[in-house]
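Asks: This is the structure I have questions about; it appears just below.
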Amino acid sequence: MKKVFKNLSLIILPACISLAACNQSTDKKKTDMTDSTKNPSAAFEQTINGKQTHLYTIKNKNGVSATITNYGGRVVSLFVPDKDGKITDVVIGFESVEGFEKSTEPYFGATIGRFGNRIAKGHFKLDGKDYQSSINNPPNTLHGGKNGYQSVVWDAKQIDSSKLELTYLSKDMEEGFPGNLTVKVIYSITDDNSFKAEYEATTDKNTVVNLTNHAFFNLNGEGSGTILDHVLQLAADNYTPVDSTLIPTGKIETVKGTPFDFSIPTAIGKRIGDDNQQLKNGKGYDHNFVLNKHDIKTPIATITGDKTGIKMEVFTEEPGIQFYSGNFMQSKNVMKRGLKDDPRTAFALETQHFPDSPNQPNFPSTELKPGQVYKTQSLYKFSVAK
């Protein structure tokens with residue numbers, strides 16, 4: 001694994017999906033700015049807590065494109081060609097900021113922080129001092145707490161037609177996390193048809209950081225049914241088993257001989273109903289896999305839509321990836337094109353450090369100190385299976 005925490009005195013080389021949904025109770029003052037019936041992007045022109053939201057488009061020369069809103073740093077759509085050349089939106093989302101705000105699943109497409117995944121009971125220690133982050137997935141903290149980065153309006157700058165920069169200052173003790181954390185995320189579409197995410201952060205006080213993106217994918221396209229016949233391969237010989245609240249037990253166990261062995265391409269639904277306690281704990285797959293390699297050069301996950309032939313390869317510098325099979329989707333949200341978020345109609349592959357790392361000394365550290373730079377990248381490369 002490339003070291004993600006780098007000292008500021010060094011030259012930094014350029015470097016980068018659920019979990020149970022949880023209702024959020026945040027007070028946002030919102031004003032409609034335009035008539036969304038005249039312009040699809042108008043539904044993303046809002047004022048929330050005094051800051052303006054927008055919808056941005058990034059694309060490459062091949063016609064692959066993504067739309068992103070600075071409300072929560074969310075990937076709204078991602079358009080790629082299928083085996084017949086048909087352009088397909090492979091990301092689940094909403095047609096307006098209001099849809100994301102009111103969703104019973106708060107993480108659709110969102111940039112996640114300050115700490116992605118779970119922290120047991122929201123409690124951790126740094127330098128001998130106890131910290132308590134907000135509990136939003138009882139009894140634990142999930143994805144940074146009640147008002148994580150999915151709830152904020154990021155400052156956005158369109159660098160060029162293929163690249164968008166998002167920045168946010170996460171203030172000291174926001175959601176219980178110490179230190180003023182300056183965060184920068186760059187999303188881009190590369191000429192090899194990859195969606196690239198680059199993350200960078202610095203702090204003025206010792207803190208913990210674990211950033212990711214929580215795009216929900218269906219490679220057959222939204223509204224095409226479940227993802228159970230998608231075929232997945234993971235370059236992970238081990239995973240971190242969890243307790244009944246989805247907190248890692250601290251053990252790192254082999255996937256061999258279990259439903260978690262995706263060392264060869266396997267349909268997601270083939271073993272999801274097996275009589276296995278770990279699958280029962282997650283109501284399906286909702287687990288962190290320990291990656292064999294994480295050098296950004298080797299694909300650590302490959303998944304193919306059974307109907308479209310769209311193949312997505314994931315590359316990352318992170319040591320883990322959370323595979324979530326959409327178990328907690330509840331058919332309660334009206335998504336793009338009037339579709340419902342039915343159970344297991346999308347999956348997430350969230351590149352990450354391991355869940356509850358601040359409380360697990362044998363896991364890779366997520367601590368960031370003043371004078372260091374948190375820097376990591378992940379790519380999602382799209383092609384057509386042969």
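Cβ coordinates are placed from backbone N, Cα and C, and glycine is handled just like the others.
So TrEMBL lists these for the protein:
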type	residues	note
ACT_SITE	H214	active site, proton donor
ACT_SITE	E350	active site, proton acceptor
BINDING	N117, R118, D286	beta-D-galactose binding site
SIGNAL	1-20	signal peptide
Asks: Counting all other Cβ atoms within 10 Å across every protein chain shown, which of the recorded positions D286, E350 scores highest?
Replies: E350
Asks: Going by C-alpha positions, which of the recorded positions (N117, R118, E350) is nearest H214 (active site, proton donor)?
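Replies: Looking at Cα distances from H214 (active site, proton donor), the smallest one goes to E350.
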Asks: Any idea what the Cα distance is from N117 (beta-D-galactose binding site) over to E350 (active site, proton acceptor), rounded to a whole Å?
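Replies: Distance between the two Cα atoms comes out at 9 Å.
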Asks: Pop the Cα-Cα gap between D286 (beta-D-galactose binding site) and E350 (active site, proton acceptor) into the table, whole Å please.
Replies: 11
Asks: For the recorded positions R118, H214, which one has the sparsest Cβ surroundings, going by other Cβ atoms within 10 Å?
Replies: R118
Asks: In whole Å, could you give the widest CA to CA gap in the beta-D-galactose site formed by N117, R118, D286?
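Replies: For the residues that bind beta-D-galactose, the greatest Cα distance is 12 Å.
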